[in-house]
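TrEMBL has this to say about the protein:
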DOMAIN    43-295  domain 'G-protein coupled receptors family 1 profile'
TRANSMEM  28-50  transmembrane segment
TRANSMEM  62-80  transmembrane segment
TRANSMEM  100-121  transmembrane segment
TRANSMEM  142-165  transmembrane segment
TRANSMEM  200-228  transmembrane segment
TRANSMEM  240-262  transmembrane segment
TRANSMEM  274-295  transmembrane segment
Amino acid sequence: MSISNITVFMPSVLTLIGIPGLESVQCWIGIPFCAMYLFALIGNSVLLIIIISERSLHQPMYIFLGMLGVTDIVLGTSIVPKMLGIFWFHVPDIYFDSCLLQMGLIHMFECIESGILLAMAMDRYVAICYPLRHGAIFTHQLVTQIGAVVTLRAAILATPSLVLIKCRFQFYHTTIISHSYCEHMAIVKLAAENVRVNKIYGLFVAFAVAGFDLTFITLSYIQIFITVFRLPQKEARWKAFNTCIAHICVFLQLYFLAFFSFFTHRFGAQIPPYIHILFSSLYLLVPPFLNPLVYGAKTKQIRIHVVKMLCS
């Protein structure tokens with residue numbers, strides 16, 4: 001029997017089933033997901049408006065925060081509307097090319113977010129460890145170059161995964177994706193052909209991005225803590241320590257969920273699918289939800305301008 005008789009040839013439409021095993025309660029799961037998305041959208045939009053409109057906030061830390069806000073808005077918008085369409089309106093179908101576009105946006109902006117978090121950690125490292133040289137090192141030109149490099153790196157790493165799926169695979173076992181959004185390995189597993197190259201490239205990108213960024217973020221905060229504990233004033237030491245702890249919690253949450261999602265797709269055969277799908281969805285929803293709180297509400301200058309905006 002030929003392969004075309006037992007598989008689907010170049011499907012034009014795929015079907016996302018949402019969260020396997022929880023189809024009966026997906027409509028309720030959509031409520032907190034929608035609330036988190038709306039909060040992330042409003043919170044990050046407010047941060048962007050404040051940072052753009054206030055000239056006093058045109059500094060590296062706030063510019064990186066604005067970049068992070070844009071990234072969070074795009075990440076949330078790329079998955080939540082379609083996810084809610086599945087949960088609430090029972091519209092599971094998605095065009096194959098649209099699915100690849102969603103996958104590309106997700107992985108590209110995940111990579112951008114990781115790069116921005118690294119840039120923010122380096123900025124804090126220079127600001128705390130070398131305060132007198134911070135202005136000379138982190139110029140607006142350097143910030144622009146960092147943004148361009150982070151975006152270019154993400155585009156270069158995300159594009160091959162799209163090309164490998166689009167150009168290598170012609171036959172698919174099924175058109176049903178057991179996921180709530182178009183995730184790389186969820187699509188690759190549909191293929192009826194050799195997927196070794198795709199798996200290897202996925203591993204390479206994950207370890208190249210998360211491994212590199214997480215290593216230098218960790219080293220930066222180790223140096224920051226060493227410097228903070230040497231500060232003579234207790235109040236200054238506590239203020240810097242409190243800020244760093246909040247940032248570290250965001251990093252840990254992001255990378256823990258990322259690695260959990262990544263490894264369960266490849267090695268987590270014993271983990272129930274709905275656990276994996278829920279965690280991988282939260283991996284994309286929780287950071288955009290938390291970032292305005294951690295980086296915005298806990299930053300005094302941002303907090304002052306938010307209060308001014310509300311009062312006016």
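In case you wondered, yes, glycine gets a Cβ from its N, Cα and C as well.
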For the transmembrane segment (100-121), sequence-distant contacts whose Cβ falls under 8 Å of one of its Cβ atoms, 6 or more beyond its ends: 61, 64-65, 67-68, 71-72, 74-75, 78-79, 82, 94, 146, 149-151, 153-155, 157-159, 161-162, 165-166, 181-184, 187, 205, 209-210, 213, 216-217, 220-221, 247, 250-251, 254, 258, 284, 287
For the transmembrane segment (62-80), sequence-distant contacts whose Cβ falls under 8 Å of one of its Cβ atoms, 6 or more beyond its ends: 33-34, 37, 40-41, 44-45, 47-48, 51-52, 102, 105-106, 109-110, 112-113, 116-117, 119-120, 123, 140, 143, 147, 180-181, 281, 284-285, 287-288, 291-292, 295-296, 299, 301-302
Local confidence of the domain 'G-protein coupled receptors family 1 profile' (43-295) - pLDDT mean: 88
Residues from the same chain, set at least six apart from the ends of the transmembrane segment (200-228), whose C-beta lies under 8 A from its own: 107, 111, 114-115, 117-118, 121-122, 124-125, 128-129, 157-158, 160-161, 164, 184-185, 188, 237, 240-241, 244, 247-248, 251, 255, 258-259, 262, 266
